[in-house]
């Protein structure tokens, strides 16, 4: 009887041990490369700064790249693969995504210093963090330890969040990734920096209803300005700031614009239509805002949370030699 009890207890201990091994394997950690590649963060940071000197918009581009990578199969660098016509980066939902060359430059520098150590997925996450800081946003620590995925297929990006999605569709897509309504608001607020093309505005300005017409949620004061920048049958490649009046600085002006009918993108505008997402936005503008939630702190929390979607760690995946191709 005692022997059988000991066997059961031993089995329970094995199961508990295996459970915690599984958890620890999936965990990322700040300073993951402290021993193996101690200069990783300074190398990535310097690369992003250099890129921003010649192209200030690259900060928003790198932030968007991280989002698009994480929303397909998790944050595994799958969007970077470039040697296959069916690779994920060619998906319709990834139109306008860029910054690949910055990631490759950082990777090349890291490979010369610590070959086979730093994943492309981690470089993408660190570059996004540095982009936020360089745009006068909050500086924060990024848990690292991701490994690069071995799959990149255009079909897997079919369900990316889209500017024409309804609020219910957006909430559903974020929930599928383990992200809340609050995360939806905060990650959408990444639009505080960067530009968009008139291509993404055409339907909202001219074909919002089956018979034509504009989105009625656009402020009457703002609508003529948008139409002037993106005239019907005009050049769809013309770009305009997503955050009117503050397109190069990280701040909560984007949320103020959404509240006032000055949202450029339809997916941002619809955040005010839903009670849950509207209450999140309103919380950053309360009369006692000095005692309310911190937009910067909450944004960081949502970014870190997003950066852990579906990560490959431990012995899973690989560490690519170049980011645009599997080993």
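Every residue gets a Cβ built from N, Cα and C, even glycine.
Feature annotation from TrEMBL assigns Ca(2+) 1 binding site to 69, 72, 74, 76, 78, 88.
The Ca(2+) 2 binding site feature in TrEMBL is assigned to 192, 243, 251. The Cβ of residue 192 (Ca(2+) 2 binding site) has 27 neighbouring Cβ atoms from other residues within 10 Å, across all protein chains displayed.
Its Cβ placed at the centre, residue 37 (disulfide bond) has 19 other Cβ atoms within 10 Å. The annotation disulfide bond is assigned in TrEMBL to 37-114 (among others).
Annotated disulfide bond per TrEMBL: 70-75 (among others), in sequence order. Taking Cβ-Cβ distances under 8 Å and a sequence separation of 6 or more, the neighbours of residue 75 (disulfide bond) in its chain are 66, 69, 121, 124, 125, 146, 306, 307, 308, 309, 310, 311.
The Cβ neighbour count for residue 120 (disulfide bond), using a 10 Å radius and every protein chain shown, is 31. Feature annotation from TrEMBL assigns disulfide bond to 120-323 (among others).
Marked as disulfide bond by TrEMBL: 198-230 (among others). For residue 198 (disulfide bond), the same-chain residues lying six or more positions away in sequence with a CB closer than 8 A to its CB are 229, 230, 234, 235, 236, 237, 238, 239, 240.
The domain 'Plant heme peroxidase family profile' annotation in TrEMBL covers 27-327.
Per TrEMBL, the feature signal peptide maps to 1-26.
Here TrEMBL flags 64 as site 'Transition state stabilizer'.
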Seminar exercise, completed: Here the Cα-Cα span from residue 251 (Ca(2+) 2 binding site) to residue 64 (site 'Transition state stabilizer'), rounded to a whole number of angstrom, reaches 16
Exercise. Roughly how many angstrom lie between the C-alpha atoms of residue 192 (Ca(2+) 2 binding site) and residue 64 (site 'Transition state stabilizer')?
Worked result: 11
For this session: Could you pull the average pLDDT for the domain 'Plant heme peroxidase family profile' (27-327)?
Result: 96
Exercise. Taking each of 37, 64, 78, 114 in turn, which of these recorded positions have a Cα lying within 10 angstroms of the Cα of residue 323 (disulfide bond)?
Worked result: 78
Problem set entry | Additional residues around Ca(2+) 1, ordered along the sequence, whose Cβ is within 8 Å of the centroid of 69, 72, 74, 76, 78, 88 | 70, 71, 73, 75, 77, 79, 149, 152, 156, 310
Problem set entry | Among 72, 76, 88, 243, which are recorded as binding-site residues, the nearest neighbour of residue 37 (disulfide bond) by Cα | 76
Seminar exercise, completed: For residue 114 (disulfide bond) and residue 120 (disulfide bond), the CA-to-CA distance in whole Å is 13
